[in-house]
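A short write-up of the structure that comes next.
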Amino acid sequence: MAVPQPFPSGPHLQPAGALMEPQPSPRSLAEGFLQEELRLNDELRQLQFSELVGIVYNPVEYAWEPHRSYVTRYCQGPKQVLFLGMNPGPFGMAQTGVPFGEVSVVRDWLGLGGPVRTPPQEHPKRPVLGLECPQSEVSGARFWGFFRNLCGQPEVFFRHCFVHNLCPLLLLAPSGRNITPAELPAKQREQLLGVCDAALCRQVQLLGVRLVVGVGRVAEQRARRALASLMPEVQVEGLLHPSPRSPQANKGWEAVAKERLNELGLLPLLTS
């Protein structure tokens, strides 16, 4: 594994190739980000999946109100660091529209709310209850709980950082089991992640991101692949995923995360 480079200080390096129009004013940055997400939604609607996938949830559509509140409140200016997840979990973003969106954190720490509609197709084993969902998402509770303890207030975290998922879709088997993008047949997987990779490049440039931290190895690898040719000046690093399925994360993810952020030189950006 390559030795991580400390997070650089100083002015942001401009991309070698123009991917989009110059960055808008802070007032319209959130609007521009939301427009990019809607553009991605349009592209994703054109995709078709095999019988392996029974139902597709897109919380950026049916949980638009809390998702829009998240972006407009916390993405008002350029971001140096983007923490990148892979795709929604059934009890996190699928319920709240917020990446790693553990209900209690979204409601009580991020201060977000709003109506969440029922998806066009809803699996009986995966009901969408929005902020009324009683089940906790362990990954989200660990992720946001760590930053709540570290930063104190969400405004401290979001001064320089933002959290986003590469793919907005939750894929469910006919049984209701969660299907990761990695489980899709190769052609479908590359079609899906190809459009998400292209969207990521546009989003990274829009926000002025200098460092992408992939939360989990898959997100890190996809970010490297997406940005390597179009935006090679953007640094990509990884952070252990806080999943309860990870024995290493279960031994103390918070300590691992803090050590990793210290290696990357990010702690000064995350403390007041």
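Backbone N, Cα and C define each Cβ position, glycine as well.
The region 'Disordered' feature in Swiss-Prot is assigned to 1-27.
Take the CB of ASN165 (substrate binding site) and look out to 10 A: across all protein chains shown you find 26 other CB atoms. The substrate binding site annotation in Swiss-Prot covers MET86, PHE100, ASN165, HIS241 and rests on similarity to another entry.
According to Swiss-Prot, the region 'DNA-binding' annotation covers 175-189, on the basis of similarity to another entry. Among residues of the same chain six or more beyond the region 'DNA-binding' (175-189), those with a C-beta under 8 A of the stretch's C-beta atoms are 47, 49-50, 52-54, 86-87, 89-90, 123-126, 167, 218.
What surrounds the substrate site, by Cβ distance within 8 Å of the Cβ centroid and not counting MET86, PHE100, ASN165, HIS241, is the set LEU84, GLY85, ASN87, GLY89, PRO99, SER139, VAL215, GLY216, ALA219 from the same chain. For the region 'DNA-binding' (175-189), the model gives a mean pLDDT of 95. Max Cα-Cα distance over the annotated substrate binders (MET86, PHE100, ASN165, HIS241) is 13 Å.
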